[in-house]
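**Q** Pasting a structure here, questions to come.
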Amino acid sequence: MVEQIKDKLGRPIRDLRLSVTDRCNFRCDYCMPKEVFGDDFVFLPKNELLTFDEMARIAKVYAELGVKKIRITGGEPLMRRDLDVLIAKLNQIDGIEDIGLTTNGLLLKKHGQKLYDAGLRRINVSLDAIDDTLFQSINNRNIKATTILEQIDYATSIGLNVKVNVVIQKGINDDQIIPMLEYFKDKHIEIRFIEFMDVGNDNGWDFSKVVTKDEMLTMIEQHFEIDPVEPKYFGEVAKYYRHKDNGVQFGLITSVSQSFCSTCTRARLSSDGKFYGCLFATADGFNVKAFIRSGVTDEELKEQFKALWQIRDDRYSDERTAQTVANRQRKKINMNYIGG
């Protein structure tokens, strides 16, 4: 029987974000800048990562508490060896209705078919520019946008449902909004533009670098005829619109200008096995990995997860001001540990 639990602000638990690795083959400035994550950076050793059996056990217990959706994140999750084994395990859990994966897309041709065969049907590909030169300057690994576009074409050809995520930074890639909308509209692929967020400690975020949803919408309406789309479910993070001529949808994620804390239903497990109730968490998370490895039963694990959720009161984006950003900037968990 599924228990219905809510946090201190009355929010149910519906989603679990599982970070499977802290490693990535890109060095995007807003997530893992090369100046910090250089060639000598020490990533987590394998024994510090949760095993797939541990992740599946955690997911099963969370399903009994109301989780219906699981998203696999990183780092770059396709760098975790044998990820299809985890997908297959998660697909066998009663109550889990949807498994998604967020990736930079570079390794889709290498691993996509195995993941599809294991039961993965839905992926989000992070792609912050369609211009090759600009994209290379963003990822700092000399990877061309055309390379990722080819990987996306491959993913759709094997049956994966693909959405594209774009983090927009003022003066960096805001000129990519219109060409990317045009490209993916013609491909009938949903694209979502995300306001630049102050996740982690190393991305140099401030308000002046944010292109708000209203600014994006004004730009878009000068080039396309669109209609708004009603939200599909409680907790949907994107504001969706539909192109009038062919019905393809796109989304704007208002993580800064119009926060969605009040409907956030996500629990997050970092790559080092810690629970966090918020993407912008500052305190050190509860060490689920150590708790599991201490020999607890599933019932004890469930009671701990219940307690963690019931004391949750995170609403950082609701409270974000220049001062709170300054006060918390050096204390947040980095994005490569917790995913997006």
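Just so you know, the numbers here start at 1 and follow the chain as drawn.
Positions of Cβ are set from backbone N, Cα and C atoms, glycine also.
Model, not experiment: these values are computed from the prediction.
Pasting the relevant annotations from Swiss-Prot:
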- 8-227: domain 'Radical SAM core' (DOMAIN)
- Arg17, Arg71, Thr102, Lys163, Arg266, Ala267, Arg268: GTP binding site (BINDING)
- Cys24, Cys28, Cys31: [4Fe-4S] cluster 1 binding site (BINDING)
- Tyr30, Gly75, Ser126, Met197: S-adenosyl-L-methionine binding site (BINDING)
- Cys261, Cys264, Cys278: [4Fe-4S] cluster 2 binding site (BINDING)
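How about a rundown of where these features are and what they're close to?
**A** Looking just at the domain 'Radical SAM core' (8-227), the mean pLDDT is 95.
Using a 10 Å radius centred on the Cβ of Thr102 (GTP binding site) and all shown protein chains, the other Cβ atoms total 21. In the three-state DSSP reading, Thr102 (GTP binding site) counts as strand.
In the three-state DSSP scheme, Cys31 ([4Fe-4S] cluster 1 binding site) falls into the coil class.
Take the CB of Tyr30 (S-adenosyl-L-methionine binding site) and look out to 10 A: across all protein chains shown you find 21 other CB atoms.
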**Q** Cα within 10 Å of Arg268 (GTP binding site) is the criterion; apply it to the binding-site residues Cys28, Cys31, Ser126, Met197, Cys278 and give the hits in sequence order.
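**A** Those near Arg268 (GTP binding site) - Cα within 10 Å - are Cys278, in sequence order.
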**Q** Hey, how far is Gly75 (S-adenosyl-L-methionine binding site) from Cys24 ([4Fe-4S] cluster 1 binding site), Cα to Cα, in Å?
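**A** Checking the Cα atoms of Gly75 (S-adenosyl-L-methionine binding site) and Cys24 ([4Fe-4S] cluster 1 binding site) gives a distance of 5 Å.
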**Q** Give the three-state DSSP assignment (helix, strand or coil) for Arg268 (GTP binding site).
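**A** Once the DSSP labels are grouped into three classes, Arg268 (GTP binding site) ends up as strand.
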**Q** Of Tyr30, Cys31, Ser126, Met197, Cys264, which is closest to Lys163 (GTP binding site) if I measure between C-alpha atoms? They're all binding-site residues.
**A** Ser126
**Q** What's the CA to CA span in angstrom from Ala267 (GTP binding site) over to Cys278 ([4Fe-4S] cluster 2 binding site)?
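**A** One finds 7 Å between the Cα atoms of these residues.
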**Q** Would you mind reading off the Cα separation of Cys261 ([4Fe-4S] cluster 2 binding site) from Tyr30 (S-adenosyl-L-methionine binding site), to the nearest angstrom?
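**A** Their Cα atoms are separated by 22 Å.
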